[in-house]
Amino acid sequence: MIDTKVYYPNQLKDAAEQLKAGQLVAFPTETVFGLGAMANNDQAIAKVFEVKGRPADNPLIVHVSSIDSVKNYVTEIHPWAQKLMEAFWPGPLTIIFPTNEHLISPLATNHQPSVGLRMPNQIETLLLIDMVGFPLVGPSANLSTKPSPTQVEHVLHDFSGKIAGVVANRQPLTEIGVESTVVYPTDDQITILRPGYITADMIQEYVDVPVVEKTAQEQLSGEKVMSPGVKYKHYAPKQPVYLVPASADLADWQLLIDQLPSAIGLLADQSLCDRLKDQVAVTYSLGAPGDILTATRNLYAGLRYFDQRPVEVIIAQGLDSTNPQARAYMNRLSKASQHVL
């Protein structure tokens with residue numbers, strides 16, 4: 001068993017040395033924690049898949065420390081990609097490029113000619129990449145199918161004794177709380193392969209071509225999937241999750257509660273938690289009603305909270321999916337849910 005260390009900002013050099021030695025070190029970003037390995041180290045990348053229990057055909061996003069460095073790892077930078085990097089990096093946007101397969105391990109890309117690159121908005125991680133001297137793969141630092149980690153404790157819960165360490169975050173939770181938006185730019189459109197904090201409307205402000213979201217079903221009809229978060233079950237706690245639509249009123253919630261086992265976990269805004277707390281076993285507040293960004297930030301932490309509590313089912317509050325800001329929340333919660341009401 002490995003002695004998994006927590007690395008603080010003054011210990012980044014130690015974390016970098018572990019990565020250069022082929023070890024795995026988790027790192028914080030503004031989205032979720034990533035499980036880091038050098039993107040040119042086949043052996044280390046194979047360990048990432050093994051430790052996570054991740055299927056080998058699920059590609060990994062590669063994290064860089066600057067826009068200028070991208071040209072070293074791709075064979076072409078599309079003009080729209082350049083515009084999007086300048087607009088949104090560092091930030092929660094992953095862009096698909098044609099990969100330089102002589103530098104980026106084909107294990108990271110599922111032997112595809114494309115690679116997803118991102119520059120995270122987290123100073124410790126940018127410094128870490130610079131210290132390592134090469135980009136890092138960084139899939140979410142959790143066991144596959146489980147909710148992604150938004151705090152150090154989540155990473156340690158899944159990987160203590162299995163990885164070399166985790167770089168500490170400055171905040172209790174990561175800033176955004178769900179994975180990055182993934183886009184594929186071409187001459188005639190920008191395709192969103194995975195929704196996230198950066199919405200289609202935000203992207204549209206910087207490009208003169210349509211921005212189109214491609215569903216998981218549409219992507220799965222192709223030969224290979226370019227983006228993670230599309231092909232397999234994700235984000236689910238051990239208990240079944242019931243997703244209750246945003247349109248549900250109090251009577252709808254009470255009717256559902258009456259039909260379920262007594263040990264219920266409620267994941268909802270503070271107002272609904274206050275009104276239903278006596279009818280459920282445990283509550284976890286997503287924040288103030290209508291605060292989509294806080295609800296999104298708290299989503300994975302809430303699902304993981306119930307994973308550690310004696311509840312048999314989780315009932316979770318949906319958001320208005322017609323609101324672009326709610327797309328990422330609803331995408332992740334839908335994937336985590338066994339029952340969408």
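Heads up, the Cβ atoms here are built off N, Cα and C, so glycines get one too.
The annotation L-threonine binding site is assigned in TrEMBL to T31, S180. Counting every protein chain shown, the Cβ of T31 (L-threonine binding site) has 29 other Cβ atoms within 10 Å.
Positions annotated as ATP binding site by TrEMBL: R54, N58, H63, R118, S140, S148, R194, Y235. According to its DSSP assignment, R54 (ATP binding site) is coil. Over all protein chains present, the Cβ of R54 (ATP binding site) has 20 other Cβ atoms lying within 10 Å.
Among the features that TrEMBL reports, domain 'YrdC-like' is placed at 9-198.
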* Asked: Given the binding-site residues N58, H63, R118, which one's Cα is the least distant from that of S180 (L-threonine binding site)?
  -> R118
* Return the single residue from the binding-site residues list (N58, S140, S148, S180) that has the minimum number of other CB atoms within 10 Å. => N58
* Asked: Cβ-Cβ under 8 Å from H63 (ATP binding site), same chain, 6 or more residues apart: which ones?
  -> T29, G34, G36, L117, R118, M119, P120, T125, I129, P135, L136, V137, G138
* To do: Taking the residues R54, N58, H63, R118, S140, S148, R194, Y235, which the record names as binding ATP, find the longest CA to CA distance and state it in Å to the nearest whole number.
  => 21
* To do: Could you round the CA separation between Y235 (ATP binding site) and T31 (L-threonine binding site) to a whole angstrom and send it over?
  => 14
